[in-house]
Structures are given as structure tokens and as C-alpha cells.
Amino acid sequence: MMGKTQQSWLLWSILSLFYYQCNAKDHITALVKNQYFHNTFDKKYDDFVNSLNHLIANNVYNNLTLPAKESTCSKDLRHLINGIFQRKIWALQWLDASVHPPPGITGGAMHWMGSYDVCLECKGYNSSGEEQFRGSYCTMVFFLNISVPVVPELSATVGLCMPNSCSSEEVRNIVNATSYLFFAEMLQNESFCHRPVSEVNKDAWYYIAVSICSILVIFVIAGTITDLCFYIKWFREKQSIREYTRLNHTHETNLNENSNVNEEYSQHFSESDSRIVYHENQSRSGEKDSESFMAYRKYMLQTYPQFNILCAFSLPVNSVKLCAKRIQESTEMFDERRKKISLEFLDGIRVISMIWIITGHILLHGYKLTNNLKSLAEAFQHVWIFGIYFNAHLAPDTYFFISGLLMCYMCLQRLKNVVGVKKRIKFWSMMALHRFVRLTPAYLLVIIIFTGLLIHVYDGPFFPQDLNTTVMANCRKNWYILYLNNLINSESMCLNWSWYIANDIQFTIILAPIFITLIMWRRLAGIILALSIIISSSVITYCVAYDNSYGIMQIAKQEIYIRPYARCGTYTIGLLTGWLLYDYPRLRIRKVLKHQILIGACSLLLIACLCILPIFGSYGVLSGLLPDMPRRTAAFYLASERVSFGLGLAILVYLCAIGWANPIYKCFAWSAFRVPARLTYCAYLIHPVIVTIFIDGTQSPFIIDQLKTVQLTASITVFSYFFAYIISMMVEYPSVAIENYLRG
């Protein structure tokens, strides 16, 4: 064990070595001149690395240009600088916590963060040894106009440990005054100083979020307790009825001798004769206890309707509904041909697509904070599996397809019994209202949690703690839920991933009623409309991509990514598939082994061409192995990839549904997919928030590789579905139950 003196000398030696390194003014500059960074990204990156070297030469604080007007912040900074020149241990600790070169600069290490945790422990002392100020970690973000394959925009981050007397605005002004050292533009809204979570200002959004979450929790607890009381009452009555039945059966032949006993039990149950008859009927029918309780619960809610809304929040009952096996449609709903069609395999497609989306968002969000970006881009050239990750933008089309399929398939049968224009208008109005009620509560709750609570739950050098950051400011300005955010103010959208919900609502209200009405009126008219929409979607996307000279790496541009005209093609393919399943639930081909093998092989080959080509067709260009596509070719690719993917998905779904792809059906219909599939919507809403916490909450830039991607995907998927379950139990299932109660 080392003594205190030895420990002090060791610490002094380490800090002196670091200080010596920071005094090597031209060390990195000399390496740049010797082509150490030659073609790292391009000259702009070399210049930025050079500028950071100038910033930390001597020490970072000495090169900062302090304001002429004296303030508490500038006084504390001058005191800190003097402490560094006097070699004081406490001052050198501040130097260690601030920006300095990380390893892997030539591999794309653009985040020079220092140490967040060390900065929070830093203290400044006056001449008498009393604490004068504490450390506040400030994140300064700079935009780099650099082009790298598969990466849209790049930014660099610098971490400064500043006195807590300095506000974010003061630090930004100081850095801006020192901007002559930099070859990059500072992003004002993204640059700010962090505060401990307990010291973050609590605005109205915070109190709204806490209040709403508290009310929902109270409702869940109250509903659960109410159902628990129902269960206890049901259990006791059932036990009493069983005892009563047993005694009656035992003394059935001796009724005259045991008249007193029967009279006693008759008096005991005289107040609940109707329940005795009810339970006896249930017992004779041989139903399970859980079903008996649900039936008893239904009876009690009919008797005491004032408990309906409260019991809609019951956690055990909603959990049972979540896990229960899907009830097949009644014989009145579908005829004999269609009853044999099962769509349970869609559960597997939903879950796999959700994992695909999560992985894509991890890479899309994580590349901004990784310190091996160039190495990652080079690895992408040799690992073809990355093509799946970077083409995750196709995964939402899976949900558009399924939404259109189910909408058409279910509505066609229900509309058979709806006669007259007024009744059909009412039907579609109620359908739109149901969709709004189904989607809005969970969506609104996530907006409130994201806007009001996120900055109060965690912090880190990359965490969006400041209310002026773009991601936090957008929700305070554009939090409305009119489902037009894919058309209005889309550049400042609250919850960037909510464009999907807006499109889904628009398609449900406008596209589905028109197509289904036409297909029921004149089959040919509906088919022509559907084909026209699919072709128009591709043509418009082609024109927009061509006019704006979009390459295939610009697939995420709003004009061809979130607009209804870019996504309606896949939804329409889903509508057509739903109609095919309804009108043609069986192939007019004899189902023998020879035909199954032939049709299955040909179909799988066609599916592979239609689905795999859009996923991996861009791999060569994205990886840099092939030159960029010509303008027309790139526009055609962007216009056709979603339609191609949707057609392949339609063939796969149709074959699985009619029983011609049983091996694939059994894989996707695995019962383990049932629960996560029903949580897909809430998981989609909450998973970007979990991604933000996991990635932005990291204390230092991380290194992305295949193993790291798998680790993040697994952990974020688990947490996303866990919180999706909570949100579903708090708002989604209760809202549907309340809607059903109000509609009678």
C-alpha cells in the first residue's frame, strides 16, 4: 500500500505528464503536415483537428477569449487559469476533465469530450482554501460539412469543464469569441452547459407530466383493487355454492330427514338466488375458473355500471387480455371458406419488423456519437449484413401493408350487412373514431413523458438536457395531435418518428373507405383505383427524387420519406391483398405435394427478388465499392424499392394465409410472438426515447461494431417492450375498454 505522500507524487506525475502533452503545441500539426491525417475524411476534417490542437495548446482555458465586461463567470475562469499556471492540483483536475485528444483520430474520433464525471467533482478554491465554485460540464457542438458514405450529416463535440457560475449563453459567447481557432460552425441550440438533474428547472410540462402519470397510476391501482374485490366475492360465492351443491347431492335421497339443513342453506342464499342459478349453470357448462370469473365480472359490471370506467384500468384483467389467445371470428362473421384462414403469422412479421426498426434507429442515432465513424464506414464495405441495418427504412412499410390488409379484410365482411348511404357513412365515421381512440392516448402520453420528464430522469455529456435544444424545443412548439405533422411543420416535428402515425390515420380515413367502397360496387373500378395509386406514388417519388438530384443515400429526405404520396403505395398493396384474401381464400389448384413444391419454390424465388433486392441492391453504392448511380437510375430505385418490397410481402402473406407456405407460417405464428406483437404500437412510440437514454446517456463516445450493435439492440428491445407494456396497461387497453362501454 502506498502512503499519502506517494499517492500525491503519483497523481502529480500523471498530471504533469498530461500537462506536458498539452504543451506540445505543434505535435498534431506536425503529424498533419506529414500526412498523418491524409484523406482521413477530407481537408475540412484535418483543419478541424488542427483547430482543436490549437485550442488545447498550453491549456484550453488560456486560449479562451474572456469577455471584457467582468462577471462572476469571467472572475472564476481567471482564478482557474491562475491556478493552472501555479500548478495547483485542484486546477489541473479541471484541465484533465476538459477537451483533449482521444485515441483513434484517424478512425474518425470527432468527439473530444474529456471526462464528464471528473468535471462534476471538480471544485475551485479561494486563497483561504474555501470552496468558491464547482464544475459544470459544457457540451459544444460543431457542424462539419463533410461527406462520408452512409452518413447524412456529421458534427463534432468538444467538452469543456467550466465554473458553475457560467451560464450556457456565457460559455457560447466565450467559444464564439474564440471562433477564429475553429474551421467549423458552432450549433448554438445544441451547445449548452449541464446541470445536476436535481437542479434542472421544472417548467409547466414537468408538472403536467407528473400529474397525468400520477392520475393514471391511481386509476390503475383503483381498478385493480376493484377487480380484486370482485374476484374475492366471486371466489367466496363459488366456494359456498360448491358446498351447497355438495350437501344437496349428499342428502338428495334424504330431503325429508335433512329439511332443516336445506332450510338453513336456502335462507343463507336467499339474497343471491340469481347468482346461485348463474354459477350452477356455469358449473354445468364445464367452463374454466378464469372464464367463470370473467363472466361473473361482466355480470357485476352490468349490475353496477358505475364501475365500468374504473375497471377498464384493471391491470390483471388487461394483462389477461394481452396474453389471451386470439378468439376466432364467429361463424356469422365469415363463411365456411374464409373461416379456415388464420392471420396469426402476422404477429411474427410485426415483431421482426419492430426489431429491425430499433436496430436502424440505434445506428442512425449512434453514428453521431461514435468515435470510430471512418472505421465503421470501412467495415461496412466488407460486412454485407450492414445492408439490412441501413435499409431499415423499409420496415415501416411492413406496418403500412399489414394495416391496409387488415382494414380491407375485416371491413369487407362487416359492410355486407350495412345497407344504405347513411349507414355506411356512420360505419366509416365510427371506424375513423375507433382508430383515433386506439392511437391517440398512447401517442399523447409519450409526447408528455418525452417533453416533460426526459430531461429530469438522466444526464450525460450528450444528453439533451437544455430546453433550447432542437429535440426538446420542437415538442413545446408543435405538440398538437392533429396527425398532419407529416405535412405541416414537418421540419420541426415533435417526435420525429410520429410521421408514421400521421400517415396511417390519413390512409385509414381517406384511402381505405374509397377503395373498399369501389371494390364492393365494381370490382374493376377498385382494382383500377388501387393500381393508379401505386403507380402515381412511384411516379411522384421519381419526379421529386429526380428534380432534387437525390441519390440512394438520401432516402431519408422528408420529401420522399414521410409524405403520404411516398408511402401510400405499400398501404394500397395491403388493401389489394386483403381483398384477395376475402374474395379468393383458396387457390384453384389441387393441393398436392408436387404442386406445393413447385409453387412454393417459384414463389420464394419471386419473393427473394422483390424483397431482398431493395434491401441489398444499394449495398455496393452505400459501402463505396461502386460509384454513385446516375441521376435517373437513382430516382428509379428510390421510386420502386417500396413497391417492390410491398409486392414481395404481399405474395408471402397470401401464401401463408391460404396454407401454401406452412413452414414459414409456423415460424411466424410462434406463440411467443403473440404478446410483443400486441405491444408493437406502444413499442414503436417509446423505443426512440429508450434509444436516447441509452446512447445520449453514455458518459463517453462509444465504438460501434457488430457486437455492440447486437448488445444495444437486445437491451433496448427488452426495455422498449417493458415500457410498452406499462403504457399499454395505463392508456391503450383502458381506452379501448372505455370506448366499447360507451358504444354499448
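Just so it is clear, glycine is given a Cβ too, placed from its N, Cα and C backbone atoms.
Under the heading signal peptide, TrEMBL lists 1-24.
Averaged over the domain 'Nose resistant-to-fluoxetine protein N-terminal' (70-195), the predicted model has a pLDDT of 84. The annotation domain 'Nose resistant-to-fluoxetine protein N-terminal' is assigned in TrEMBL to 70-195.
The annotation transmembrane segment is assigned in TrEMBL to 204-232 (among others).
Positions annotated as transmembrane segment by TrEMBL: 348-367 (among others).
Look at TrEMBL and you will find 436-458 (among others) tagged as transmembrane segment. Here the transmembrane segment (436-458) has long-range neighbours at 197, 200, 202-203, 205-210, 212-213, 216, 464-467, 472, 475-476, 479, 481, 494-495, 498, 501, 504-505, 681-682, 685-686, 689, 692-693, 697, 727-728, 730-732, 735-736, 739, meaning same-chain residues at least 6 beyond its ends whose C-beta is under 8 angstroms from one of its own.
According to TrEMBL, the feature transmembrane segment maps to 497-519 (among others). Counting same-chain residues at least six beyond the ends of the transmembrane segment (497-519), those with a Cβ under 8 angstroms from any Cβ of the stretch are 361, 396, 399-400, 403-404, 407-408, 411-412, 415, 424, 428, 431-432, 435-436, 439, 443, 483-487, 490, 525-527, 529-530, 533, 561-562, 564, 567-568, 571-572, 575, 579, 684-685, 688.
For 526-544 (among others), the entry in TrEMBL reads transmembrane segment. Here the transmembrane segment (526-544) has Cβ contacts under 8 Å with residues 511, 514-516, 518-520, 550, 559-560, 565-569, 572-573, 575-576, 579, 635-636, 638-640, 643 of the same chain, all six or more residues outside its ends.
The annotation transmembrane segment is assigned in TrEMBL to 564-585 (among others).
With a cut-off of 8 Å between Cβ atoms, the residues of this chain six or more beyond the transmembrane segment (597-622) that come close are 149-150, 380, 384, 386-388, 390-391, 394, 551-553, 587, 589, 628-629, 637, 641-642, 644-645, 647-649, 651-652, 655, 660-661. The annotation transmembrane segment is assigned in TrEMBL to 597-622 (among others).
Per TrEMBL, the feature transmembrane segment maps to 642-661 (among others).
The transmembrane segment annotation in TrEMBL covers 681-704 (among others). Long-range neighbours of the transmembrane segment (681-704) within the same chain, counting only residues 6 or more positions beyond its ends whose Cβ lies under 8 Å from a Cβ of the stretch, are 102, 104, 109, 111, 113, 115-117, 157, 354, 357-358, 361-363, 365-367, 369-372, 376, 399, 439, 442-443, 446, 449-450, 454, 457-464, 471, 495-498, 500, 712, 715-717, 719-721, 723-725, 727-728, 732.
Taken from TrEMBL, the feature transmembrane segment covers 710-731 (among others). Same-chain residues lying 6 or more positions outside the transmembrane segment (710-731) and placing a CB less than 8 Å from one of its CB atoms are 216-217, 220, 313, 315, 318-319, 322, 354-355, 358-359, 362, 366, 441-442, 445-446, 676, 678-679, 682-683, 685-687, 690-691, 694-695.
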DSSP residue counts for the domain 'Nose resistant-to-fluoxetine protein N-terminal' (70-195), split into helix, strand and coil:
45 helix, 35 strand, 46 coil
Taking 204-232, 348-367, 564-585 as candidates, which has the most Cβ pairs under 8 Å with the transmembrane segment (642-661)?
564-585
